[in-house]
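Colleague: I'd like to ask some things about the structure below.
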């Protein structure tokens, strides 16, 4: 009941401040930009003056799956930054403006309050992600060649787990620190450290958090789901739930000012 | 139902904001928490509302189990209430109503009722970002009352308002007294005098005086005889000092203010001598010292 109330209010806010419109648009642009510009690169080069005479430049043939993966890497950069900033602003923002004071003097359970915010962000961002990647799939099939639609859908669903994870990490830091900029720094630092660990050890731990996109790439090429991917998804989702619990604990422990 | 505060303390780093505070708030009372800025009023209210945890001491209700969420019974208005500006006043009230376990229908009914009571029903479908300071304060009171709490805590509810807004809120409080128990903080004595029946005076985190308005008046109020004479050769001040019962004489803007023990005796004495010795008296009145003076006296005594 309380959970539903906060969730409804969060979604209403996204509608009122137009983020329900601009987030999907940004995600769509991010997703389709790379496949399209890659495809039209020869034409673009031609238009801006062409190659110098005698230069030989052959643009390699790009397999459709690689073209689709370009969208994922774009989203994992800029998409994730948007996710972190907006997630932080719903918690640190409310704390900073003082609205939180009026909410916390009501008999609100922290789990409901944070859980609803968590779910609201997941709904907004994963649907934007889905829209963006579906359009990317559409352009990739037209421009580069077929990719299995079924596996594309699976890829989108699986990639959403990464966003759930990012949202959960952000929630922890939003509960831990008061200022948005510090929360942002800590979240980015954490994700970057995880990515470095992944870079160093992914051959030993192919199921590690940040390896998700390369596992998804493999799945699309081989058209089968590897056990590493399953382990990775379970790990991501389990850790996300744990992080949500941690953020509830931290939020309660901290003085509710 | 009584709110029991015992040995409540709060330290922020080195600073002891509230220092072993104990008092009781019985049902139906309207009590003002009075004190200069920095006396610990806001900290006390925030501890009772559950926003911050006391360093030591406890807050409870006499007939409620300890594990129950006290917030269900408390309504709180911070000094500068902030809202979601993108919501309308009515939406916000329904939102906090539902957070307080009212059903959607109950929340709507209660919200409309309070919008009328606080006098902002015309603006109920406007975004809160367009509300004026006075309207925000009314909405703040409405949100504090939404779940019909047994205790209403108001932090400086009128301090930031203009005289008209102040008047309106004080009238509103007068009405709310019928419904609920009110504890409100203020540093303005006249506001407290107008609405409440008892006072708790705080200074530097401690209670320095408390009691009903009447009992405080009895203790602190003294009668003062205010006299004014036309210029003359007689040293009246000296003559007055010899009258029995006069404890002190102050001169203020040409008036002589006499603090006395027995007004009637001294009054008769002065009037008799005015006639017999032909004092050029042209103004005579018997006044009471104001509670404002009591307030200053209590704070100053505490500072020593």
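Note that Cβ sites are derived from N, Cα and C of the backbone, with glycine treated the same way.
Values in this document were obtained by computation on a predicted structure and should not be read as measured data.
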Colleague: Which one of these stretches, A:97-117, A:181-201, shows up in TrEMBL as transmembrane segment?
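Modeller: The range carrying the transmembrane segment annotation in TrEMBL is A:181-201.
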Colleague: Would you call the transmembrane segment (A:229-251) and the transmembrane segment (A:151-174) in contact, using three or more Cβ pairs under 8 Å, pairs 6 or more apart in sequence?
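Modeller: Between the transmembrane segment (A:151-174) and the transmembrane segment (A:229-251), which are separate recorded stretches, there is contact, as judged by 3 or more close Cβ pairs.
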Colleague: Excluding the flanking five residues on each side, which residues at least 6 beyond the ends of the transmembrane segment (A:67-88) place their CB within less than 8 Å of a CB in that stretch?
Modeller: 19, 23, 26-27, 30-35, 38-39, 117, 121, 125, 129, 132-133, 136-137, 140, 143-144, 147, 152, 155, 159, 162-163, 166-167, 170-171, 173-174, 180, 183-184, 187-188, 191, 213, 216-217, 220
Colleague: Do any residues, 6 or more residues outside the transmembrane segment (A:181-201), come within under 8 Å Cβ-to-Cβ of it, and if so which ones?
Modeller: 80-81, 84-85, 88, 92, 166, 169-170, 173-174, 208-211
